[in-house]
Amino acid sequence: MLPKVETEALGLARSNGEQGQMPENMQVSQFKMVNYSYDEDLEELCPVCGDKVSGYHYGLLTCESCKGFFKRTVQNNKRYTCIENQNCQIDKTQRKRCPYCRFQKCLSVGMKLEAVRADRMRGGRNKFGPMYKRDRALKQQKKALIRANGLKLEAMTQVIQAMPTDLTISSAIQNIHSASKGLPLNHTALPPTDYDRSPFVTSPISMTMPPHGSLQGYQTYGHFPSRAIKSEYPDPYTSSPESIMGYSYMDGYQTSSPASIPHLILELQKCEPDEPQVQAKIMAYLQQEQANRSKHEKLNTFGLMCKMADQTLFSIVEWARSSIFFRELKVDDQMKLLQNCWSELLILDHIYRQVVHVKEGSILLVTGQQVDYSVIASQAGATLNNLMSHAQELVAKLRSLQFDLREFVCLKFLVLFSLDVKNLENFQLVEGVQEQVNAALLDYTMCNYPQQTDKFGQLLLRLPEIRAISMQAEEYLYCKHLNGDVPCNNLLIEMLHAKRA
């Protein structure tokens, strides 16, 4: 039985976070202030019919009407038919005209069948409780800020200048503190971020995915007669990459055309989060968190890093929950997979960021800021220095392999859909994803890196190394937690406790 706190934590892709501070020499976003009405864009609308939401029902924010409709349909085991073409428009004025299309839309936007009680008693199967509380708190915080200030900050588009590189962690902490006082921040322009997007809303990609049983619709890579699988999708990664905020997950090595990229890999790539937006969310969270702290409550270096890791973990959970194939799994299977690999995904994310970071002797933070490796090493103990050393060795190996974005995406899915996880209800899907991604990765490496005849095998050999580093990192973090050095009430700690339950 999973501990309650952990079960709820994984029902969530939280964008609300906890605090820290950022390097000093950051290019400041220029903001313009405009009149802002609270109702303008904070008022939530039901994703099914567009009516005003009444609260969280069966997995996401919906209106009272769609909540009742969904509950009655599931509890009464109703079966509907559509007299048209099963694509009826569902909105507030005609949501009752076609119950079949309405129910299908409920499912497509993310309402959870398993959250409805079969015994007709009041109260759902609430695996998402703390998510609701956190999300409500975030919305209330936004409302309070807007009402207090009466303005809306809009990041103005501007030419992005190169980030300074001589940054230290201490200056990072000072920078957030300055932001809370209204002092200039050397921070690049942040794109508007969608903090209130529900993690349960179905993405356009996942709605077009085939049934998961056979993974039909994707190229089967049992044989490789042509080594060139054409795709109708444009490939945004073949153009020359440009860093938006100090870094982006660009493709630093290969320049292959979409014709030489397996269709499955292109689909996996589409699931990747927008890195500048992730950076903006984490930065905004750290700034807000620091602004809420008194002078004597500022985070130390380690606390800051924990906050960054916690927010990165939330973005990883959100990525997983919105990804193809993973969405097809029931919540229990999703939780088991994420429980198993969360630290590996964190390490892999950090490793790839360093691979594409070109400056030697510095570490690229998830916020896009660079910190001298020597600065971190001087403040870290023997255990953390050992972990950092192993991570840098792995970075060097992957750089020598010319590790690129598409291979990174494949490894993320191989880590997520691990065959080591026991008692999965839909093990067949997990096994199928493993086989298909492995085959696509093999095809891709052979086609695009023919001079590296064993690149596929070398990439797979890095996975045990990532796991070893992640296990050491977990042990280190847990010991620090027991000593009271890790900020409490965050997803990192919830996951650590869950894994030891």
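Glycine residues also receive a Cβ, built from the backbone N, Cα and C atoms like all the rest.
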Stretch carrying motif 'FTZ-F1 box' according to Swiss-Prot (options 88-107, 128-147, 248-267): 128-147
Zinc finger according to Swiss-Prot, located in which of 7-31, 82-106, 182-206: 82-106
Listed range which Swiss-Prot flags as region 'AF-2', given the options 152-163, 344-355, 488-499: 488-499
When distances run from the Cα of TYR476 (phospholipid derivative binding site) to each of the binding-site residues CYS82, CYS88, CYS98, CYS101, the nearest one: CYS101
Neighbours of GLY381, ALA382, THR383, LEU384, TYR476, LYS480 excl. site residues, C-beta within 8 Å of centre, phospholipid derivative: ALA380, ASN385, ASN386, LEU387, CYS479
Fewest other Cβ within 10 angstroms of its own Cβ, chosen from the binding-site residues CYS88, CYS98, ALA382, LEU384: ALA382
Segment confidence, the DNA-binding region (43-114), expressed as mean pLDDT: 88
Fewest other C-beta atoms within 10 angstroms, as judged across CYS82, CYS101, which are the binding-site residues: CYS82
Among GLY381, THR383, TYR476, LYS480, the one of these binding-site residues whose Cβ has the fewest neighbouring Cβ atoms within 10 Å: GLY381
